[in-house]
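Record features (TrEMBL):
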ACT_SITE  Glu153  active site
BINDING   His152, His156, His162  Zn(2+) binding site
DISULFID  Cys121-Cys143  disulfide bond
DOMAIN    46-241  domain 'Peptidase M12A'
Amino acid sequence: MLLYLSLISCITCYPHQRSLIEADNVEEISGDFEGDIILAPDTIYRGIGVKSPLARWPNGIVPYEILSEYDAYDQAKIVAAMRRLERLVSLNPHGQSFCIRFRPKTDDDNYFISIKNGSGCSSFVGRVFEGGQPVTLEMKTYCVDREATIMHEFIHALGFWHEQSRPDRDDYITIDFSNVRPVIFFQELNTILIIMHYSKTAFSVNGSPTIITKDPNVWIGQRNTLSANDIQEIRRYYNCI
């Protein structure tokens with residue numbers, strides 16, 4: 001049976017030790033929808049990119065604040081991840097023609113992301129509401145320690161769901177239901193080698209693969225950098241190409 005891996009509710013989540021969570025399964029730290037996505041009221045789950053133009057950050061500019069609970073070292077890592085994401089998505093190799101930009105918020109910004117410490121890594125998808133939309137990056141975990149994990153949450157904030165939620169997912173992967181924890185529900189709802197994809201052992205009951213690529217030469221759930229497809233999807237969504 002081909003099914004989509006989706007967390008229905010934090011009510012279904014068992015507590016588990018962070019030391020047992022693989023780096024590539026950082027979404028499992030949180031109890032939010034699909035592990036690290038916070039659903040806004042009246043959200044319709046649509047797939048790779050939020051369809052409403054209101055969810056897109058105007059001109060690709062994302063104002064932000066980083067709460068003071070982070071020390072200077074962690075704040076620098078968060079900002080470095082923003083700058084790398086900007087450069088990777090930029091339209092030339094020198095990063096001068098930017099498609100998206102993160103900048104500190106001003107008093108004139110009604111919409112901005114508020115980066116805070118909390119349980120796990122999580123973000124809303126797209127621009128959702130005024131007054132400081134939270135992006136949670138838990139200190140002393142992979143949420144802050146890995147640059148690509150930080151970028152992953154920012155890509156959610158830019159308006160993107162997980163790649164295994166794409167309507168064409170079944171063309172690329174199969175879910176091995178026998179290896180999945182019984183508390184995880186599946187829904188029918190993919191692009192390969194992409195930063196927005198779960199790892200192959202996500203939500204595994206025994207450490208064995210739960211997501212199997214139909215092409216054995218392809219791997220998923222990497223948390224190193226953006227794939228070419230990540231970059232193209234962001235550029236296309238923000239009308240940069």
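In case you wondered, yes, glycine gets a Cβ from its N, Cα and C as well.
Bear in mind that TrEMBL entries carry predicted annotations, made automatically and left uncurated.
Under the three-state DSSP scheme, His156 (Zn(2+) binding site) falls in the helix class. A 10 Å cutoff on Cβ-Cβ distances gives Cys143 (disulfide bond) a total of 26 other Cβ atoms nearby, all chains included. Rounded to the nearest whole angstrom, the C-alpha distance between His156 (Zn(2+) binding site) and Cys121 (disulfide bond) is 11. For the domain 'Peptidase M12A' (46-241), the model's average pLDDT works out to 77. Cβ contacts within 10 Å of the residue listed as 'active site', excluding its own Cβ and spanning all protein chains shown: 25. The two recorded residues, Cys143 (disulfide bond) and the residue listed as 'active site', have Cα atoms 9 Å apart. Cys143 (disulfide bond) falls within a helix when secondary structure is assigned with DSSP. For Cys121 (disulfide bond) paired with His152 (Zn(2+) binding site), the C-alpha to C-alpha distance reads 9 Å.
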